[in-house]
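> Quick one: this structure, given as structure tokens, is what I'll be asking you about.
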Amino acid sequence: MADTTHSTTSGGASQTGNPVTRFFRATEIDTRMLGMIGALLIIWIGFHILTGGLFLTPRNLWNLSVQTASVAVMATGMVLVIVTRNIDLSVGSILGFTGMAMGVLQARLLPEWLGFDHPAIWIIALACGLVIGGLIGALHGLIIAFLGVPSFIVTLGGLLVWRGATWFVTSGQTVAPMDVNFRLMGGGTEGSIGATWSWVVGIIACLAIAIAIINARHQRKRFHFPRRPIWAEYFLVGLGCAVVLGAVMIANDYYWPVNIARRYAEANNIAWPEGGLLISQGIAVPVLMAIAVGIVMTFIATRLRFGRYVFAIGGNPEAAELAGIKTRWVTVKIFALMGILCAIAAAISTARLNAATNAQGELDELYTIAAAVIGGTSLAGGIGSIAGAMLGALVMQSLQSGMVLLGIDTPFQRIVVGAVLVVAVWLDTVYRARAK
Amino acid sequence: MTDQTNPLVEMKNISISFGGIHAVENASIDLYPGEVVALLGHNGAGKSTLIKILSGAYRRDEGDIMINGEAADIRTPRDAKKFGIETIYQTLAVADNVDAAANLYLGRELQTKWGTLDDVAMEANTRKVMGRLNPNFKRFKEPVKALSGGQRQSVAIARAILFDARILIMDEPTAALGPQETAQVGDLIKQLKQDGIGIFLISHDIHDVFDLADRVFVMKNGKVVGQARTQDVTKDEVLGMIILGKVPPGATPGPGAMRV
């Protein structure tokens, strides 16, 4: 029962339009995502000029990647929460509480019967943190789904409850230092994988990109679906590999600070060379963790039933319910997942700070929501992408560290970040209205 | 048609109330294989509520549902689908933000042996079914939101027949459609009827369904006014049943018939 006038064939359409349109259609690159990358580049280049060449240095970009990791991890979960027309205001407090729990476990409780720096401490602490985070999230989800309390209220309560609980664990004392192995998750000189392994990771990533594209093409061929032109496939593989290897190169171009390198040289009886000892940092562990989380979450959101249900519920909750989806349990799972991601973010930020404090993660809920929304997640539900949210986190962090480099005061930084959030969402609204 | 075989569906003495108001009271309807039964009545007459009990969206307070002569315990939409009951809701109940294939398989996704979504196979089957229903449909990759009313309707119908429905419920199937699309839905109903599928058509507008239906049930104030074979009554007589509850000679009166 179609009106044929509305139907356009995707196959035939690729022959028309100007070269730019044709290029985007052939490569199937999301123009919205491209817009975000463009905005990010403008921010980067702008700060680079304003700071007199301080921004686009391996050192700053490396730091930027590490600073983004924690919020980026949480933003991936926030996408699913917002897609189902919910909100989670408690992520910063869950981060604080799970971070404190992991801190107390590894700095006080576990060493008592395992001894300090026992190799199992970090994994036990992390596992406990993940379980606690998951349970807190599941509790929120149960209240939202089965008691019918709006997520805004439940998580607003959670924001206060878990922040208060964080204080109670140690009566407000800061717990430090963290376990030696646990600290690797925070980045820094030890928490980076060095030049060789960075190249290995980069090459594996390139192979994965190539295999994914070949596989997708193969699948389309099998069912006689329209395929991208072959040059577009090569272009995408080339672009993906260039970005990955470029990032590895930048990470490897940032060397150990002189003091640490000198100490390392002394400890290992290496003669101090003339121009200084150049040891590459490589990719930081928290960045790898964030990328891994991003890949896993993208997989969950796009390749699993659960993800399909999340988006269907966001698009039309009634239709999802009538299709026989157990929408309440999906909600519980989303919030539990959010809690687990908060615990991962907590591990990164406590390890980075080398301490668990009761103020950890304050305001992170707002940065996380902002990252997801800047990344294209619609508060009306049903629309959002994991990669977009992570990019959104990178945009927010770029603004902040750029302003720090410029020496702008903290209050003014917040004013700018707030204004950018509003402008970004306004631009997105305009874009979507025109795209219709 | 009524004197052959067991009824496909028999809903007996169904009652449901919401907060003390009897939305449906002691209603009985039935449906035979290859038959189209129209359920008519004003807005709020209880027809949608009655049918939602069959599709599992509501749970009845009293009464029995028999499918092929056997008692069926239908509590959720999932249960109803197990009995081969598929519903096309008035609101279409499609998820606007995902594509046709995702909507067709919503809640029953095909999975690969790794437990991931088998999007390619789902899209292939979707193309097959849509090719049968609506050969002009080409927009498989776009969110359903971008489709016209008729295309969305065909997605909703495709979803219902994809899983070998034996009983199809269509709530105001042509309410959102233009004349040409309405005619196409009519053709489709005839085609499904030939396949032996039983179809309930629900409408408040007699003109939409009278020519398609073999029998009509009329509801008023939550009760069944009566039923009739469409060949035995005129449109005006059925209209009298809908508006006044007056049962003509060609019809069988029910509990809601006007007392004379």
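The first residue you see is number 1, and the count goes up from there.
Backbone N, Cα and C atoms are what each Cβ position is placed from, and that goes for glycine too.
Take a look at what TrEMBL says about it:
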type: TRANSMEM; residues: A:33-55; note: transmembrane segment
type: TRANSMEM; residues: A:61-82; note: transmembrane segment
type: TRANSMEM; residues: A:89-109; note: transmembrane segment
type: TRANSMEM; residues: A:121-145; note: transmembrane segment
type: TRANSMEM; residues: A:152-176; note: transmembrane segment
type: TRANSMEM; residues: A:196-214; note: transmembrane segment
type: TRANSMEM; residues: A:234-256; note: transmembrane segment
type: TRANSMEM; residues: A:276-301; note: transmembrane segment
type: TRANSMEM; residues: A:334-355; note: transmembrane segment
type: TRANSMEM; residues: A:367-394; note: transmembrane segment
> Taking pairs 6 or more apart in sequence, does the count of Cβ pairs under 8 Å between the transmembrane segment (A:121-145) and the transmembrane segment (A:334-355) hit 3 or more?
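Contact confirmed: at least 3 Cβ pairs fall under 8 Å.
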> Take a look at A:61-82, A:152-176, A:234-256, A:334-355, A:367-394 and tell me which one has the most Cβ pairs under 8 Å to the transmembrane segment (A:89-109).
A:152-176
> By Cβ distance under 8 Å, which residues at least 6 away from the ends of the transmembrane segment (A:334-355) in the same chain are close to it?
66, 69-71, 73-74, 76-78, 80-81, 84, 86, 88, 91, 94-96, 98-99, 102-103, 126, 129-130, 132-138, 140-141, 144, 151, 174-178, 182-188, 191, 286, 289-290, 293, 297, 300, 310, 361, 364
> Considering only the recorded stretches A:61-82, A:152-176, A:276-301, A:367-394, state which has the highest number of Cβ pairs under 8 Å to the transmembrane segment (A:234-256).
A:276-301
> Residues sitting near the transmembrane segment (A:367-394): Cβ under 8 Å, six or more positions beyond its termini, same chain?
32-33, 36-37, 40, 64, 68, 71-72, 74-76, 78-80, 82-85, 87-89, 91-92, 290, 294, 297-298, 301, 311, 314-316, 417, 420-421, 424-425, 428
> Which residues of the chain, 6 or more past the ends of the transmembrane segment (A:61-82), have a CB below 8 A from one of its CBs?
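Result: 88, 91, 95, 151, 187, 250-251, 254, 281, 284, 286-287, 289-290, 293-294, 297, 301, 307, 310, 334-335, 337-338, 340-342, 344-345, 348-349, 352, 364, 367-369, 371-373, 375, 377-379, 381, 384-386, 388-390, 392-394, 396-398, 400-401.
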